[in-house]
C-alpha cells in the first residue's frame, strides 16, 4: 500500500518540513495526521514501515522512517533513531511491534 492512502500529501509535506533539522516523533505524528487515524489505518502504516515484513520495525527501518513518506527525505541520525526506538519499544526487545507503534502514535 501507499502511505498517501492513509495520510494527506499536504500534511506529510508539512511534517517532513518540520523534520529538516531535527526529528521529533510526536510532532511528526501530529502534523502528518497519524494521531487521528484508526487502529486499522495505523496498522496499514505499520505494514509500510515494516519493510522486511518481520512483524516489527527494527532500528534500520526506523533510521529510514522519513523515506517512507518521501523518497528524498533524509535518514534519521543515530541519536534520533535511538530516541525513536526508546519511545516506542515498551517491552525493551530492541524493536517496535504493531501494538507498540499504535500506542506510541496515540501517546
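The backbone N, Cα and C atoms fix where each Cβ goes, glycine too.
Feature annotations, reproduced from Swiss-Prot:
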DOMAIN    37-72  domain 'EF-hand 1'
BINDING   50, 52, 54, 56, 58, 61  Ca(2+) 1 binding site
DOMAIN    76-107  domain 'EF-hand 2'
BINDING   89, 91, 93, 95, 100  Ca(2+) 2 binding site
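Distribution of Swiss-Prot features across the structure.
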residue: 50; record: Ca(2+) 1 binding site; Cβ within 10 Å: 20
residue: 52; record: Ca(2+) 1 binding site; Cβ within 10 Å: 10
residue: 56; record: Ca(2+) 1 binding site; Cβ within 10 Å: 19
residue: 58; record: Ca(2+) 1 binding site; Cβ within 10 Å: 15
residue: 61; record: Ca(2+) 1 binding site; Cβ within 10 Å: 19
residue: 89; record: Ca(2+) 2 binding site; Cβ within 10 Å: 19
residue: 91; record: Ca(2+) 2 binding site; Cβ within 10 Å: 10
residue: 93; record: Ca(2+) 2 binding site; Cβ within 10 Å: 10
residue: 95; record: Ca(2+) 2 binding site; Cβ within 10 Å: 19
residue: 100; record: Ca(2+) 2 binding site; Cβ within 10 Å: 19
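Packing against the domain 'EF-hand 2' (76-107) from elsewhere in the chain are residues 22-23, 25-26, 29, 34-35, 37, 39, 42-43, 45-46, 49, 54-59, 62-66: each is 6 or more residues past its ends and has a CB under 8 Å from a CB in it.
Residues 1-3, 5-7, 12-13, 15-16, 19, 23, 81, 84-85, 88, 94-98, 101-102, 105 of the same chain sit 6 or more residues outside the domain 'EF-hand 1' (37-72) yet have a Cβ under 8 Å from a Cβ within it. Within the same chain, residues at least 6 positions away in sequence whose Cβ sits under 8 Å from that of residue 54 (Ca(2+) 1 binding site) are 95.
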